[in-house]
Amino acid sequence: MASHVLASLRSASARISTRLQSRSCILATATSFSNGFVSASLVQSMSTTTQCDESVARRSANYEPPIWTYDYVQSLRNPYAGGSYAKRIEKLKGDVRVMLQKLVDLDPLHQLEFIDTLQRLGVSYHYQEGIKGILDTVYNNYMQKQESLYAVALGFRLFRQHGYHIPADIFSSFRDDKGNLKSCLGDDCRGILALYEAAHLLVEEERDIFYEIVNFTTAYLKEYVKHDNDEYLSALVNHSLEIPLHWRVLRLEARWFIGAYERAPNTHPILLEFAKLDFNDVQATHQEDLKFMSRWWKNTGLDREKMNFARDRIVQNVLWSLGIIFEPQFAYCRRMSVKAYAFITLIDDVYDVYGTLDELELFTDAVDRWDATAIEKLPDYMKPIFRTLYTSINDMALDARKDRGVDTRPFLHKAWSTLFNYYLMEAKWFSNGYMPTYKEYMDIAWFSVGGPVMIVHSYCAIANPATKENMEFFQEYYDIIRLWSTILRFKDDMGTSSDELKRGDNPKSIQCYMHESGVSEKEARQHLGNLITETWMKVNKNRAENPHLSDVYMGIAINMARMALCMYQFGDGHAVEAHSKDRVLSLLINPIPCP
């Protein structure tokens, strides 16, 4: 990855200098790399002043204080945690395992339907080995024996989701003599819905098939719900048309589908009760994560009381963490990830809004050097930020060395150093009133959105996969990381750019594309929406081409893209808490009522 970062920083600086026709507009950038780290000498003259000059005119984003207070968070209690409920959960878990084992006596379609139900209810993580065994057994002959559109489409989606090779031409039997999808398929809403969901597992070489299927199925499904023929099926259709299943956050899908499954015509009461109790049990774990991280954040002194210019969004950061990896056994990973998200949120506001260019250069240099003594040259308000970041990263690396004998510090440091060098480049653009080209912007913005840092933190915090060899993924598989993070960047820009422009921030991808292409904002947003779809197809391809990569790692990365669609679906759900309030309530606050 280092070579890509080096080339990007150099080329971006060169292009800016040329287009502004003034070397004084952009500070000369001399970039060097040492031991795989980004080490950029971006400061021409470094001030030694340590005080924050109160006479400096500073911008303000006027962020609202958090709606979830510290005392409220600490008061959270889950009535379904532990006690008799824990025993009941274990009993039901065993009952469902028996049900899964008895699937061998049923036809393959029923087996796949049961697996799909387990996944959507959010309990499949308990039965991964059994599910894989069923899929291995069914895979070889399933497609050849199925004739219905529903059965073929369901199998296509599940097998591709789990890494099995299924060619797209299995849908050829549903075409007429002219090669078009048969009009008679319109009599099968369940099959059409399954086909719509299956299409979102197609890859970029299957782009034409994707658009044909999605256009055909979307038109039919929109017409179907107008007539409301079947309440349960119509609910599924509306849900899918909002966001396809493959793009949905797993825990939010579980919460929604548990309610939908309760109204389904063939609900299994044991499975429903288990899903409810298990959801509440996992939610209790996430509440403990929230309380722990809320205490940590308050103890750092970096919260709203001290850093009133920045977003204080620890609850949203916890929401991000559970959206990316929710399973109870990964509590340490979630907590370390929340630290990363909290630092990204705070320091992004320092670079975007509060800091002067001189201060930002000092901070970037301090992180590049990764030396505790560098703190002495920082202004006072930056010192606790650097100190807490420095201590947290080193402590996390020490944990990994003690527990697994792996030195993760180089990977963590490189990610943060790269991020802040890109933040600094964007700050220089703003300082000089420079409008980057769309390419210049995206060459930096895919990383400056924080996605790669989020991924590397999560991965370094997981016990089993984090070996030195696997950590080198971040150099060898640079393009894959860029794809996932690009989805995050596009959704972030679509959700936040209007608010950020109002307070005078840098232009985002929408504005860069509008300026370069001469299109309207509506057209630019449509273009980015299309690019998100195209990027998902590339993600699907990379996932299929790299089956040797850890399922846990791949899950973290793809779930980050899913969380981006969720958090920025209705605007900026990270900065504006009202946009994410319902999701916080459903995943972190309110359990599902149980008898």
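From the backbone N, Cα and C atoms, a Cβ is placed for every residue, glycine too.
Among the residue ranges 8-12, 133-137, 348-352, 548-552, the one that Swiss-Prot annotates as motif 'DDXXD motif' is 348-352. Reported as a whole number, the C-alpha separation between THR496 (Mg(2+) 3 binding site) and ASP348 (Mg(2+) 2 binding site) equals 14 Å.
The binding-site residues under consideration are ASP348, ASP352, ASP492. Their Cβ neighbour counts within 10 Å are lowest for ASP348.
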